[in-house]
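I have placed the structure first, in the form of structure tokens, so that the comments after it can refer back to it.
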């Protein structure tokens, strides 16, 4: 029975590095092609991971007082519209939602005057993170499993191929042509050493040779009288009459 691979879960450091290298090569449009390099992730998850965590333009510094005030003000004006609020503040939608919930939890603790060490936003043992794309990657173990090593080697092979199919085909054709010429040269040398001379075949040129012939020349039709015995002498041009 074939093994079923369930896509999703925590992102690993290896997967993040493969995703960044794939985005550098394929761009931000070919997510299905990028996801083919990651066995445990789908195209939608790869896109979310890039735009929610790996994009270099994402701001990951501490929240300032002004940003928190703006966040609370916008959340009051546009409740639950985090995709609209995020570009105004300069953070991602997940960052805005997470920090807004953090501020609400702090406010509740002040109202109740109770300091609890348990963070309600932290996952309990056995719970699955619903948004793993917005969390830091899990560090790689010292001994990777076979599936991860295979995925890493396949991704390295795909990303190292900088030439397309057409360039690879032309390179192979050029290599075959050079090998054929070297083999023919070696054959002629061996025959010459044996005392056998072979005339080289001249390649028939295709097309028109503009140095030796008139292109698209049309001979005039024969007239009523024979002009083969006539002696025609061209007169020198008199430039004074011009």
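Numbers run from 1 along the shown chain.
Glycine is no exception: its Cβ is also placed from the backbone N, Cα and C atoms.
Here is what TrEMBL says about this protein:
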type	residues	note
COMPBIAS	118-127	compositional bias 'Basic and acidic residues'
DOMAIN	1-58	domain 'HTH myb-type'
DOMAIN	3-54	domain 'Myb-like'
DOMAIN	55-104	domain 'Myb-like'
DOMAIN	59-108	domain 'HTH myb-type'
REGION	107-143	region 'Disordered'
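Counting residues per DSSP class in helix, strand and coil order gives 33 helix, 0 strand, 17 coil for the domain 'Myb-like' (55-104). The average pLDDT for the domain 'HTH myb-type' (59-108) in the predicted structure is 92.
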